[in-house]
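**Student:** Please find one structure pasted underneath; my questions will follow.
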Amino acid sequence: MTFFSYKNGEMHAEGVALATIAAQVGTPFYCYSAGALRAAWKEFADHLKGMNAEVCYAMKANSSLAVVRLFGELGAGSDIVSIGEMRRALAAGIPARRIIYSGVGKKPSELMAALEAGVGQINVESSYELETLNAVAGQLGVKADITIRVNPDVDAKTHAKITTGRKGNKFGVDIDLAREAYALAGKLPNLNVVGVAMHIGSQLTSLDPYRDAIVRVRELVTQLRADGHKIDRFDIGGGLGIVYAQEKPPAIADFLAMVARETAGLGCALTFEPGRRLVGEAGVLVSEVILVKPGAAKTFVIVDAAMNDLIRPTLYEAWHDILPVRERPQAATIRCDIVGPICESGDYLAQDRDMAPLAAGDLIMIRSAGAYGAVMASTYNTRPLAPEVMVDGTRFAVTRPRPSIDELLSAERFVPWQEPVKS
Ligand code: LLP
């Protein structure tokens, strides 16, 4: 089902025209479709039926309280990487025991906060962290349920900046050193080993690296059990890709069937940590054309969204489809760069893109922006964060209003020894 489509020549999110939202909220803004979020969740949930498995939404992809709550109501747990995300998950109603705490560098104070809140599982990424967590749990007089995140050294065949399961990546415990780490965990009195975890990368469009990694970790599980450890859970991580351009990511059904096949007989409960696949295609960024600037070499369409709003194009050379909000089916295309107003040449949303001609005041929609869009935004150039809007059927609500510039300024202080500003 498509949740963003033209109706009478106007792009709609479900039953709401994007132009209507733009008129009320201003541009740029992020728009999420509740229907699309539910549909993505349902695809996972439907195919998990009968499996001993749970889904902990990787909220780093989109940590909007409204989005996290929607998934929570559907039965999701949450994969977090910071205490800030933990607070969001709890505020959105995710029970603490359904929270998994991942991350390569957790501070003692953060581990303490997570244990105090009662998170269900901590995925430990080093021997140092095992020792630290053991000490912190001891201080609190609790036992921490942990897995060790293993780095299985497979090539996820994705962008270098989002591959995580190779030997050269900072993540997890090298699979060759995993038995030693488990031996240490087994000796530490305040840790309770419950399983094993992996996450090999993001925007994966092939099942092969997953399969290779699962096979390696499966062998490790057998060894660990022979070593006397109780390995009841296998956390597969996230990483399933979505469509940005012409990708053909695996169907969720095929992915889950493969995981079920490869883990059959292992007797482990499975955990999945999807982020992008649940939210990516459910969100768009809407922007208005400020001006069109024909150059000697290129035509620049300068819009009011910029790299601070969506950094993926410049950070990962990522392609995001861009469509005019008012349909232009017959128009001949021109080749242009779609760029923001920020003072950097890296400030682009698309380069050398063939688009129907655009003019000042036209609205555009940047697709597949629901994951790693708003969450990676900054206020660079003192540009307030773009608001977030949720559409559900024919209703819409602003879930994060655009901050005023006064709000941005009032969060800061002059040093006390500076002269007060004279008005
Ligand atoms: N679990 C762990 C431990 C992770 O590190 C991640 C993502 C996920 C789950 C969720 O992965 P997903 O299902 O969303 O692929 N900013 C980048 C993506 C960074 C992903 C980081 N880790 C981008 O915009 O492409």
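Every residue gets a Cβ built from N, Cα and C, even glycine.
The feature domain 'Orn/DAP/Arg decarboxylase 2 C-terminal' is assigned by TrEMBL to 29-370. Per TrEMBL, domain 'Orn/DAP/Arg decarboxylase 2 N-terminal' is recorded for 37-279. Look at TrEMBL and you will find Lys60 tagged as N6-(pyridoxal phosphate)lysine. What TrEMBL records for Gly239, Glu273, Pro274, Gly275, Arg276, Tyr372 is pyridoxal 5'-phosphate binding site. The annotation substrate binding site is assigned in TrEMBL to Arg276, Arg312, Tyr316, Glu344, Tyr372. Annotated active site, proton donor per TrEMBL: Cys343, in sequence order.
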**Student:** Compare the Cα of Glu273 (pyridoxal 5'-phosphate binding site) against each of the recorded positions Lys60, Arg312, Tyr316, Cys343, Glu344 and report the nearest.
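**Tutor:** The smallest Cα gap between Glu273 (pyridoxal 5'-phosphate binding site) and any of the recorded positions is with Lys60.
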**Student:** Select the closest residue to Gly239 (pyridoxal 5'-phosphate binding site) from the following recorded positions, measuring between CA atoms: Lys60, Arg312, Cys343, Glu344.
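**Tutor:** Out of the listed candidates, the nearest Cα belongs to Lys60.
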**Student:** Tell me the coarse DSSP state (helix, strand, coil) of Arg312 (substrate binding site).
**Tutor:** helix
**Student:** By CA distance, which of the recorded positions (Lys60, Cys343, Glu344) lies nearest to Arg276 (pyridoxal 5'-phosphate binding site)?
**Tutor:** Lys60
**Student:** What are the non-local neighbours of Gly275 (pyridoxal 5'-phosphate binding site), defined as same-chain residues 6+ apart in sequence with CB under 8 A from its CB?
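**Tutor:** When sequence neighbours closer than 6 are ignored, Gly275 (pyridoxal 5'-phosphate binding site) has Tyr57, Ala58, Met59, Lys60, Ala61, Asn62, Asp79, Ser202, Gly238, Ala371 within Cβ distance under 8 Å.
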**Student:** Out of the binding-site residues I have (Glu273, Pro274, Glu344), which ones have their Cβ sitting under 6 Å from ligand 1?
**Tutor:** Glu273, Pro274
**Student:** Please compare the binding-site residues Glu273, Glu344 by how many other CB atoms fall within 10 Å of each one's CB, and tell me which has the fewest.
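**Tutor:** Relative to the other binding-site residues in Glu273, Glu344, Glu344 has the fewest Cβ atoms within 10 Å.
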**Student:** Restricting the comparison to the recorded positions Arg312, Tyr316, Cys343, Glu344, which residue's C-alpha is spatially nearest the C-alpha of Tyr372 (pyridoxal 5'-phosphate binding site)?
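**Tutor:** So, spelling it out, the nearest of the recorded positions is Arg312.
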**Student:** What residue among the binding-site residues Arg276, Arg312 has the most other CB atoms lying within 10 A of its CB?
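**Tutor:** That would be Arg276, with the most Cβ atoms nearby.
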**Student:** Could you give the Cα-Cα distance between Tyr316 (substrate binding site) and Pro274 (pyridoxal 5'-phosphate binding site), in whole Å?
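**Tutor:** Cα of Tyr316 (substrate binding site) to Cα of Pro274 (pyridoxal 5'-phosphate binding site) measures 20 Å after rounding.
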**Student:** How many neighbouring Cβ atoms, not counting its own, are there within 10 Å of the Cβ of Tyr372 (pyridoxal 5'-phosphate binding site)?
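**Tutor:** If we count other Cβ atoms within 10 Å of Tyr372 (pyridoxal 5'-phosphate binding site), we arrive at 25.
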**Student:** Please compute the mean pLDDT of the model over the domain 'Orn/DAP/Arg decarboxylase 2 C-terminal' (29-370).
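**Tutor:** Here the mean pLDDT over the domain 'Orn/DAP/Arg decarboxylase 2 C-terminal' (29-370) amounts to 96.
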**Student:** With H, G and I counted as helix, E and B as strand and the rest as coil, say where DSSP puts Tyr372 (pyridoxal 5'-phosphate binding site).
**Tutor:** coil
**Student:** I'd like to know which of these binding-site residues, Gly239, Pro274, is least surrounded, judged by other CB atoms within 10 A.
**Tutor:** Pro274
